[in-house]
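Enquirer: The structure follows.
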Amino acid sequence: MKNLLDYNMEELMVWLKENSESSFRAKQIFSWIYKGIFSFDEMKNLPKNLKEKLNSNFKIYIPEVVDVYSSNLDGTKKMLLKLEDGNLIESVIMKYKHGNTICVSTQVGCRMGCKFCASTIEGRVRNLTSGEILGQVLRAGEVEGERISNIVLMGSGEPLDNYDNVVKFLREVNAEYGLNIGQRHITLSTCGLVPKIRDLSNEGLNVTLAISLHAFSDEKRREIMPIANKYSISEILEECRNYIEKTNRRVTFEYSLVKDINDSKEDAKALSKLLKGILCHVNLIPVNEIKENSFKRSSEKTIEDFAQILKSAGIEATVRREMGSDINAACGQLRRSYMKNKA
Ligand code: SF4
């Protein structure tokens, strides 16, 4: 049986027509779903025979909550969610002054192999459907009891490695009949799949593009990100310039600071030189220490100095505030520790 959340309005209208129903019912069905009604039988304005047809063809599946870990420090909630096939994923709800942000996963696991990341340790299990990504946002709204106004695609998985489903999700979550979350409130983070960044720039979407850069040279980048063997930094930057030209959006560069690997003053100067002239913002991220590797976090002073060097070179830089540090669990950690305990 299909998950109705994998359908968009147009697709549902086509299905209704093919099944001798009025296409305007699609609007009614989605309006119930976005009011939090996930059972066709409770959709009061649908005729009985349509409910029967829907029940025998579709289900409305939202990932189930296995556990929610709440931070006492800043209200961050990390949700461990179960998909219909039993696979586990994580989503994080962060409370900011400008609204609630959810960090969604786009794949079960990931095959990109970044050395600092726990999500990739067992590789990619499978892609999430657009409905499973959307389901995380719906579940987050329910868990939080408040509107989710911002989305970051930075959880487990490389979004552009699941391109079609991710683009479908971006359109769905932005649709007026749906959650209507503005594209400017959505950030997609990629490790740099160059041809897919090009495709994204041609979609007519205006989401913020974030690049997980983490090093200023290909040589250094190759040490921590295998994708650097395939695409060079200069190819990535060329696509970023193209993306900026097409969308008028500032690009974000994420740079995880790892002690003695990429956090020296020379690194900061080289990064400034590299990014000069690009409409961008640098997000400095103190690396998450995970037991599967030996990466250590840079000191506060090193991080501050690094940011200062970028700013002096005219490059906007901020240090990402750590959210939910008391509930630990870097991206991918929750799922791994749950699976280990179960085993
Ligand atoms: S950082 Fe992102 S792209 Fe890299 S392995 Fe982790 S989930 Fe995949």
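First residue shown is number 1, and so on along the chain.
Each Cβ is built from the backbone N, Cα and C atoms, and glycine gets one as well.
Annotations in TrEMBL come from automatic prediction, not curation.
According to TrEMBL, the protein carries these features:
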type     : residues                                               : note
ACT_SITE : GLU90                                                  : active site, proton acceptor
ACT_SITE : CYS331                                                 : active site, S-methylcysteine intermediate
BINDING  : CYS110, CYS114, CYS117                                 : [4Fe-4S] cluster binding site
BINDING  : GLY157, GLU158, SER189, SER212, LEU213, HIS214, ASN288 : S-adenosyl-L-methionine binding site
DOMAIN   : 96-326                                                 : domain 'Radical SAM core'
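I'd like to know what surrounds each of these features in this structure.
Expert: A sphere of 10 angstroms centred on the C-beta of GLU90 (active site, proton acceptor) encloses 26 other C-beta atoms. GLU90 (active site, proton acceptor) carries a strand DSSP state (E or B).
For CYS117 ([4Fe-4S] cluster binding site), other Cβ atoms within 10 Å of its Cβ number 24.
GLU158 (S-adenosyl-L-methionine binding site) carries neither a helix nor a strand DSSP state and counts as coil. For GLU158 (S-adenosyl-L-methionine binding site), other Cβ atoms within 10 Å of its Cβ number 26.
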Enquirer: Can you tell me which recorded positions out of GLU90, SER189, SER212, LEU213, HIS214, ASN288 are within 10 A of CYS110 ([4Fe-4S] cluster binding site) by Cα, answering none if there aren't any?
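Expert: So the list reads none.
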Enquirer: Could you list, ordered by sequence, which of these recorded positions: GLU90, LEU213, HIS214, have a Cβ under 6 Å from ligand 1?
Expert: none
Enquirer: Sort SER212 (S-adenosyl-L-methionine binding site) into helix, strand or coil using the DSSP assignment.
Expert: strand
Enquirer: How big is the Cα-to-Cα gap, in Å, between LEU213 (S-adenosyl-L-methionine binding site) and GLU90 (active site, proton acceptor)?
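Expert: So the alpha carbons of LEU213 (S-adenosyl-L-methionine binding site) and GLU90 (active site, proton acceptor) sit roughly 23 Å from each other.
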Enquirer: Distance check, please: Cα of HIS214 (S-adenosyl-L-methionine binding site) against Cα of CYS117 ([4Fe-4S] cluster binding site), rounded to an integer number of angstrom.
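Expert: Cα-Cα, rounded: 12 Å.
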